[in-house]
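What follows is a short report on a single structure.
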């Protein structure tokens, strides 16, 4: 899902909706357009609510399925950070950026969402030219592929991401480093994945 066009959203009741996916003028991210309001209304989504869309496959066609919703007050009661707090946290030392290296932690919420979050300043610093495929190199020639979805550093890494991390010595709660190697046409940006010695 790296190019504009029609995508399929699946509601809580299993009903499928065709929604237009378009690129922002800045080219920094893809957005849901025509059909989204109707989908949101039919599934009872309200302004200010948090929701999760899970990537599912049907006959090799990717779709996004609505799996749960949650209000901001619910998150606050559970002690989860607000959007403003998450933005603030993304700029602190939880993601240490140094030249072509970034240090991250394998967190439960990211594993469940099948995502990886690269700090936007890191994405900018290493000069990634376009959204799309990225390649991660593990030990013994092991490789993993992800898809950079936006300029803010959101990467879809797929269901087996946790297995790849554990096979490379990183468990939930552990930190790891990504070293930017280069960017090639067929592989996209290439990173060396390695556990941190303090784990």
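Heads up, the Cβ atoms here are built off N, Cα and C, so glycines get one too.
What TrEMBL records for 72-90 is compositional bias 'Basic and acidic residues'.
What TrEMBL records for 1-70 (among others) is domain 'TF-B3'. Here the domain 'TF-B3' (1-70) is broken down by DSSP into helix, strand and coil counts: 7 helix, 37 strand, 26 coil.
Per TrEMBL, domain 'TF-B3' is recorded for 101-196 (among others).
The annotation region 'Disordered' is assigned in TrEMBL to 70-90.
Taking DSSP states H, G and I as helix and E and B as strand, the domain 'TF-B3' (101-196) has 22 helix, 42 strand, 32 coil. In the predicted model, residues of the domain 'TF-B3' (1-70) average a pLDDT of 82.
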